[in-house]
Structure formats: C-alpha cells, structure tokens
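Accompanying notes for the structure given below.
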Amino acid sequence: MPMVTRRLRDPDINPCLSESDASTRCMDENNYDRERCSSYFLKYKNCRRFWNSVMIQRRQNGVQPSMPTAAERDEILGAMQKMPY
C-alpha cells in the first residue's frame, strides 16, 4: 500500500475516516449516482471543516500535535454531547 494511502487510512491522521468510508460505500451501492449520496458528502465536508477549525485553534494556542489523536477526538466529541457535524 502506498505511503499516502496508508496515511489516509490511519485513524490518528484522518479524523473523518468513517465519513469517507460511508460516502465511498454509498457511491458503490448506488452505481456512482452522486445525487443519492449527497447527504454523505455533506457530512464528510462538515466533518473536515470542523476538524480543520479545531486544528487551526490548537495551532494558534501552541498545542502539539495540531490534529488531536483519535483518543483525544473521542474525548472532544464526548464532551460536546452530540456530533457537531
């Protein structure tokens, strides 16, 4: 597996792995009809936007690593009581 693909499949690096998988699975199941999967695409886009804003905020505050690990992300989402995306 190429290094780029391996990094994208790593849950510590890609916070929206499940949303990405869901949108890909929807495309496969619906014969690549994009309109049927628009809700999955929107959820993935909102996920990326949310974690990008978290990453920017952490970088501004000097927190390393700028992208929280998978365990830290679970804590953040648990503290919010609901999914922000």
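Every residue, even glycine, has its Cβ placed from backbone N, Cα and C.
Applying DSSP to the domain 'CHCH' (13-55) sorts its residues as follows: 35 helix, 0 strand, 8 coil. The annotation domain 'CHCH' is assigned in Swiss-Prot to 13-55 on the grounds of sequence analysis.
When pLDDT is averaged over the motif 'Cx9C motif 1' (16-26), the result is 97. The motif 'Cx9C motif 1' annotation in Swiss-Prot covers 16-26.
All protein chains included, Cys47 (disulfide bond) registers 20 other Cβ atoms within 10 Å of its own Cβ. Sequence annotations record features per position, and here Swiss-Prot assigns disulfide bond to Cys16-Cys47 (among others).
What Swiss-Prot records for Cys26-Cys37 (among others) is disulfide bond, and it gives sequence analysis as the kind of evidence. Its own atom aside, the Cβ of Cys26 (disulfide bond) has 18 Cβ atoms within 10 angstroms in the protein chains shown.
The motif 'Cx9C motif 2' annotation in Swiss-Prot covers 37-47.
Cα to Cα, Cys37 (disulfide bond) and Cys47 (disulfide bond) are separated by 16 Å. With a cut-off of 8 Å between CB atoms and residues at least 6 apart in sequence, the same chain places Tyr44, Cys47, Arg48, Trp51 near Cys16 (disulfide bond), listed in sequence order.
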